[in-house]
Amino acid sequence: MHCPRLALGLGFCLLVGMALCSLCNMKLQYKGEKPFQPVTPSQYPQPKLLKQKPTEFLTLTPWLAPIVSEGTFEPELLRHIYQPLNLTVGVTVFAVGKYTQFVQRFLESAEQFFMQGFRVHYYVFTNDPTAVPRVRLGSGRLVSTIPILRHSRWEEISTRRMQSISQHIAERAHREVDYLFCLNVDMVFRNPWGPETLGDLVAAVHPGYFAVPRQQFPYERRPLSTAFVADGEGDFYYGGAVFGGRVAEVYEFTRGCHMGILADKANGIMAAWQEESHLNRRFISHKPSKVLSPEYLWDDRKPQPPSLKLIRFSTLDKDTDWLRS
Amino acid sequence: MDPREFCRKSAKVSLCSILLCAVLLGFYSQLTHRVVLRQMQLEKKESSEGDCHLDTCRIPEVPRLLYPKAQLLKPTRVDVLVMTPWFAPIIWDGTFDSAILDAQFRNITIGLTVFAIKKYVVFLKLFLETAEKHFMVGHKVNYYVFTDQPAAVPQIPLQEGRQVVVLEVRNYKRWQDISMHRMEMISNFSQRRFLREVHYLVCLDVDMKFSDHVGVEILAPLFGTLHPGFYAGDRQSFTYERRPLSQAYIPRDEGDFYYAGGFFGGSVPEVYRLTVACHQAMMADQANGIEAVWHDESHLNRYLLHHKPSKVLSPEYLWDEQMLQRPPLLRKLRYVAVPKNHAEIRNR
C-alpha cells in the first residue's frame, strides 16, 4: 500500500531532520566570559571620597546599577580593564526600505566614535543588501548584511525587530560577539562611546522623559496588553533606540519582548509605542544592570540642558512621514 | 480497493502526518530555545562586572513592587562619592532600596565566615546575637565558625533558614599568624564545602557587633570595605606595605582606597581566588623572611588594587567608635568594634 509507507517515510525523514538540526544546535560554541583579570595599574588620579563631583545626574539607581554620564568614569582606567579581555562588540541596525539612506552616516560616525580599539561587528538587517553602501572600516571591524522581509506597515517592521534580533543571536551572533548593542539606524555618533557602556543588560534613558514623573511616562496603559504598566510602577522611561548587554542577556530580553508582542497580536492589540512599550515593561521586571544617561540617546531637536555635558549619540533631523510611507 | 475508501484512508494518513509534523515542530522550537539558553549558561563563566548571581547567572526577575521613583536629576547623596571610576557602587545609606534588592536576591544563601581562636571565643555570643538581628534578615544564612574550641561556641537561638556550622581548626602561637592563616583556611573550605553550600561569602572579624542593617546591598562578585581610619586620606598616607621585597608592595603613587581586612567577600569562586592569592603571597613573603606591615590586610589591599572590587562598602560597614569621632556623613553605624584590651586578648 502506498499511503502508510508514504506517511512512514515522511515521518522518518522528519525525525532524521530533527535529529540533525538538534545536533547542529548542540555544537553551539558560545563565547565564554572571563573571570577577574588582574589590572596592570595605570596612572590615574585617586578617587576622591568626600568631594562629590558635580555631576548633576544621579549616578546610581536604587538597585545599585551605575548611571553612566561624563565625569562618572575614567576612560583610561576602563580601557586598561577591558582591552586585555579581547572582546568583540556587535551592533544591530535595521535599514529597511528608505532607511537604507542612513547607513552611511551611521557607520562613518561609528567608525570615528564607537568602541575605538575594540573588535566590532555591525549587523545591518535590510530587505535590500544592494542599497547598503560600502563604508571604509578600521582593522578588526566588519559589516554583515542580514536579509529580512519588508512589511507594508512601518509598525510591523518595528515590532519584528525583537524577533529578528533574538533569532540572529541564536543562529549566529552568540558565536561571534561578546556584547551586543541594538541601535536605531537614523542616528549618528557625535562623541566617544566606549567600554563604559558595557554591562550585563544595558538600557538608555529616553531624552524626552528624564525630568518627568512616572505618571507621565508614555507607558502602555491598557491592561489588555502584556506591556501594561500601572500608575505606581516604573523607574525610568527607556528609549527603544538603544539597548544592549551580554549576548545571552540580550537574547533573553529580546525573546521576552517578542513573546509579549506575539501575545498582544493574538489579542488584537498593538502597544502605544510598539516595541518600546514592551521594552519598558520588561525593564521594570528585569532591571538593567547599567543605565546610560541621555548623553547616549539624544534628540537634536531638543535644547541641550546644562546637566548634559556631552552628546554622544543623537537623532538626525528627518521627515518621518515620508520615510514611513 | 474502492476509490472512496482509498481517499478516506489517504486523507486519514495525511492528517496524521500533518499532526505529527505539528507536534514535532512545536517540540523542536522549544528544544532549540532551551538548547541555546543552556549552552549559553553552561559556557558562562564568572563575570567580572555586573550582578551575576551564581545560581542562574542571569538578570533576576522581580515581581511587581511599589516603591518611590528615583529622580535622575536629584542625586541621593551629594556629600560623598557613591560610585568608583570603574563603576563599582560605594554603598552608603540612601543610595539603595532594600525592597528592590531583596526581591532581586531572593533564594540566595549567604555564608558568613568568622574566626574565634583561643581567647577570641568570648566575642562569639554578642557577634551572633547581633547578627541574628541585623545581618541578611529574611535570607538563608550559614554561619561558619572557625574555632580551636568547638565546645566554647555558644548556643544562640536562630531565625528560620539560618544555621551555625562549627569548623574545627588549629591555632597558632602568634596572633599575626592566626590572622594571616584565615586566608588559607577560607580557601580550603571554599573548595571543600562553601562552593556547594552558599552563593556568597562574607568574611568578618569576630571582635565586632552588628548595630544596624547589613543586607544584600553588599553582595557582588567581589567587594571590599573602606577602612574607617583612611577613608578621607591621600593614597600616600595609606599604610600599604611599602617595601618592594614583599608581595604586598604598593608604590606611593598607586592605590584607590585602603580596604579593611575585617570585612570582605563576594561570590565563592572570587573569594576562593582572593584567599588563595593572598595565602600564596604570604607564603612567598615568609620564604623571603619578610612579613607585611599589616599582615593579611596588606595582601588584601594589594589584591584589590589589581582586581578591582565590583562593590565598595562605606565606613558605615566597619567603624570603631572608641578610636574615631563619628562624622555627619555617616548616617548609620552598622558593624562596629567591641571594646577590648588588645594586650590581654592576644598571644595567650
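Glycine residues also receive a Cβ, built from the backbone N, Cα and C atoms like all the rest.
Annotations in TrEMBL come from automatic prediction, not curation.
According to TrEMBL:
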type     : residues                                               : note
ACT_SITE : B:E297                                                 : active site, nucleophile
BINDING  : B:F115, B:A116, B:I117, B:Y120, B:D205, B:V206, B:D207 : UDP-N-acetyl-alpha-D-galactosamine binding site
BINDING  : B:D205, B:D207                                         : Mn(2+) binding site
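Feature annotations (TrEMBL) mapped to structure.
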residue : record                                          : Cβ within 10 Å
B:F115  : UDP-N-acetyl-alpha-D-galactosamine binding site : 23
B:A116  : UDP-N-acetyl-alpha-D-galactosamine binding site : 23
B:I117  : UDP-N-acetyl-alpha-D-galactosamine binding site : 21
B:Y120  : UDP-N-acetyl-alpha-D-galactosamine binding site : 24
B:D205  : UDP-N-acetyl-alpha-D-galactosamine binding site : 20
B:V206  : UDP-N-acetyl-alpha-D-galactosamine binding site : 23
B:D207  : UDP-N-acetyl-alpha-D-galactosamine binding site : 19
B:E297  : active site, nucleophile                        : 24
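Secondary structure at B:F115 (UDP-N-acetyl-alpha-D-galactosamine binding site), taken from DSSP and collapsed to helix, strand or coil, is strand.
Between the CA atoms of B:D207 (UDP-N-acetyl-alpha-D-galactosamine binding site) and B:E297 (active site, nucleophile) there is a gap of 16 Å. Those residues of the chain, other than B:F115, B:A116, B:I117, B:Y120, B:D205, B:V206, B:D207, with a C-beta within 8 angstroms of the mean position of the UDP-N-acetyl-alpha-D-galactosamine site C-beta atoms are B:V114, B:V121, B:F123, B:L124. Cα separation, B:V206 (UDP-N-acetyl-alpha-D-galactosamine binding site) to the residue listed as 'active site, nucleophile', rounded: 15 Å.
Secondary structure at B:Y120 (UDP-N-acetyl-alpha-D-galactosamine binding site), as computed by DSSP, is helix. Each residue contributes its Cα atom, and for B:I117 (UDP-N-acetyl-alpha-D-galactosamine binding site) and B:E297 (active site, nucleophile) these two points are 18 Å apart.
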